[in-house]
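Student: Here you go, one structure.
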Amino acid sequence: MPDEQGILVIGLGLIGSSLLAALRKNGYQGRLLGCDRDKDSVATALEMQLIDEGHTEPQAMLSSASLVVLAVPVMTLPELVGHLAPSVRPDQVMTDVGSTKGAMCEAIIRRLGEMPSWLVPGHPIAGSERSGVSAANAELYCRHRVILTPVDQTAPTAVTRVEKLWRACGAEVETLSVEHHDAVLARTSHLPHLLAFSLVDGLARRDERLEIFRYAAGGFRDFTRIAGSDPVMWRDIYLANRDAVLAALNEFESGVKQLRQAVESGDGDAMLSILSRASHARHYFDTLLNQKSYQAMEQRNIRYRAAHGGKVQGRIRVPGDKSMSHRAIMLGALAEGVTEVEGFLEGEDSLATLQAFREMGVAIEGPHQGRVVIHGVGLHGLKQPAGALYLGNSGTAMRLFSGLLAGQSFTTTLTGDASLTRRPMDRVAQPLRLMGASIETAEGGRPPLSIHGKQGLRGIDYDMPMASAQVKSCLLLAGMYAEGTTRVREPATTRDHTERMLTGFGYPVRREGDQAIIEGGGRLTAGPIDVPADISSAAFFLVAAAITPEADLVLEHVGINPTRIGVINILRQMGANLELLDQREVGGEPVADIRVRHSRLKGIDIPVDQVPLAIDELPVLFIAAANAEGVTRLREASELRVKESDRLQAMADGLTVLGVEHTLYEDGIDITGGHYGGGRVDSLGDHRIAMAFTVAALRAGEDILIEDCANVATSFPDFLQLVNRIGLRVEEQTVDS
Ligand code: S3P
């Protein structure tokens, strides 16, 4: 609760009186004072016991409060501030609730010469089409945002006191600059209100108005609810935030124009592209509101509590392959015709790729239960996105996009989350520049990337310094847009999904020894894609079953592409009991059901040629090593240090917590198997570290708490359901950070 000596609210409308109601309800002990020009409002507030004392003259009450909230219309606010300023004591703080900030601050500066240090401009993003003191609602600010826009002169202590006031009412407080606030609000609030007012006005002016209202159902009602809002207040907002509103209106008009053209010309694909992009964005907004999405979760700590022990029994299918899901969307979007994808991974990483193509004008239906339908636009049909493409946590997306965007005719910016922003992008930027591409990175070759699309890329002959399928794929995608031949030589075999899928789309890629070779100027033809279950996700279960007595588990329809089965080869060498059942080929990729049962594992020297083939599975293989007899040695795996986290360090730190004996090297680790305990480990926001330590709990002496697990949603959204289904006991705890 705020420790203020009395709080005075000037203006007893919905906003002011709801604040009083919230303070009262949440147990504020000091005196609540209210002031309004309208004496009936003051009387009602007293009657409702919202205030202890009321008056119609602000000056009369000013000295009795240490915090004053100016809940009057924006247009009258500067005058009120000017009027009160001479009487404000140094210990007093004021804040306002106006929905525009720029014009208000300017008007105050005109009156007082500068912004007073005791005034904290604020704006609660809450409201209702109802108004007046009788509409007071103690819950109005609960889980709503309040934006504060302090300026240089504002005293930091004043800001802290105002933050405390709003938090006491259940609000989430954030700070923006005045200009940023006004631009954002013009788009998210002022424009939609303007449209609602205008639509209702337009319809109501027509002769058949009675009929229109009689038959107007849900859509009209939902869209126009806000047209019942206070006209005077909204006039003032449009007067105050004129320029930002006009800018928002311009953007809106150009969007409507595009949709209009599509309707006029009966262009179904263009309509679908706009509508599905919007529909997806609206659903995404819902998940954000419900705090379900990864981006929202980034601000929260999802912690797993994995109970020690448990069994591993059953038959499951893990989600679709992440590498193939990204590529299916990319090639489907660039193909001619309609691509139907089954088994698509609905994880945050591949969804980021999907959304990025929507933003470049590709119509995509779904995903719905792993099914996605992509209306390809051809190799040269992408459109410039309106803003930067946000690729979340996905290094694969960023590196592959770099290649295919280098050959477009427009400029794009690629951004991502905090982890992605730390990852090296020079490994793609440098060879792309050799092809003639124009790419800027941030310092140290990190994201964001600015890719100035260019016609006239040239094929190159490139020796990759590291074994990376992402770099290889990036260059092959750029190679489609380049003149002549692009050859990429890999120092060790890496996953070849790009080559296989390109070939499946009718775009040949040759293989000569250690080189993948593509000619520019071809085309992609759409076709169906069946994405098998991801062996990288299956790996957690392979190890879980291998280390747990009496385990017997079947993993269905797992992709066993020879460039991905390092985990199977390594586990077998350690003595695991794995059977590949019903081996078959689906859409150019080998697939099998994998049965795995418990057996005694022994430590091995992991063959270096298996490292790139098991690169994503190594964290969970460390857990297998911790349960094996003797020492397991890994070398030439420094690539692990530049994944979603420094995986060598993250795993070593966690193993230390559990008491597993190990020695860490720059490019690897030695792990000695044996009994180990539990404790609190940090996944560092890396999905594979989080899932590896969950598996470790099966043989731990005590429970394992794993911090920072929200990121599991990037590759394996229903991981917790599946582990609990087969016999582990893992629960999720949400901790606000
Ligand atoms: C991937 C390649 C690998 C892997 C990543 C997915 C791909 O990265 O770690 O999770 O889809 O091409 P590198 O190619 O950088 O080793």
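Glycine is treated like the rest: Cβ placed from N, Cα and C.
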Student: Can you pick which of Lys164, Lys257, Lys383, Lys643 TrEMBL lists for the same 3-phosphoshikimate site as Lys322, Ser323, Arg327, Ser468, Gln470, Asp616?
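Tutor: Looking through Lys164, Lys257, Lys383, Lys643, the residue TrEMBL assigns to the 3-phosphoshikimate site is Lys643.
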Student: Which three-state DSSP class does Lys322 (3-phosphoshikimate binding site) fall into?
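Tutor: Reduced to three states, the DSSP call for Lys322 (3-phosphoshikimate binding site) is helix.
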Student: What binding-site residues among Ser323, Arg327, Arg423, Arg647, Arg688 have a C-beta sitting less than 6 Å from any atom of ligand 1?
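Tutor: Once distances to ligand 1 are taken from each Cβ, Ser323 fall under 6 Å.
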Student: Report, as a single number, how many Cβ atoms besides its own are within 10 Å of the Cβ of Arg327 (3-phosphoshikimate binding site).
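Tutor: Around Arg327 (3-phosphoshikimate binding site), other Cβ atoms within 10 Å: 25.
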Student: Just name the most isolated of the binding-site residues Ser323, Gln470, going by other Cβ atoms within 10 Å of its Cβ.
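Tutor: Among the binding-site residues Ser323, Gln470, the sparsest Cβ neighbourhood within 10 Å belongs to Gln470.
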Student: What subset of the recorded positions Gly395, Arg423, Asp616 lies within 10 angstroms of Gln470 (3-phosphoshikimate binding site) at the C-alpha level?
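Tutor: Within 10 Å of Gln470 (3-phosphoshikimate binding site): Gly395.
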Student: If you measure from the CA of Arg423 (phosphoenolpyruvate binding site) out to 10 Å, which recorded positions from the list Lys322, Ser323, Arg327, Asp616 are inside that radius?
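Tutor: So the list reads none.
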Student: Relative to the Cβ of Ser468 (3-phosphoshikimate binding site), which residues of the same chain, six or more apart in sequence, are found under 8 Å away?
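Tutor: When sequence neighbours closer than 6 are ignored, Ser468 (3-phosphoshikimate binding site) has Arg427, Glu490, Thr494, Glu639 within Cβ distance under 8 Å.
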Student: With Cβ-Cβ distance below 8 Å and at least 6 positions apart along the chain, what are the contacts of Lys322 (3-phosphoshikimate binding site)? List them in sequence order.
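Tutor: The answer is Leu345, Gly347, Asp349, Ser350, Thr396, Asp534, Ser536, Ser537, Ser715.
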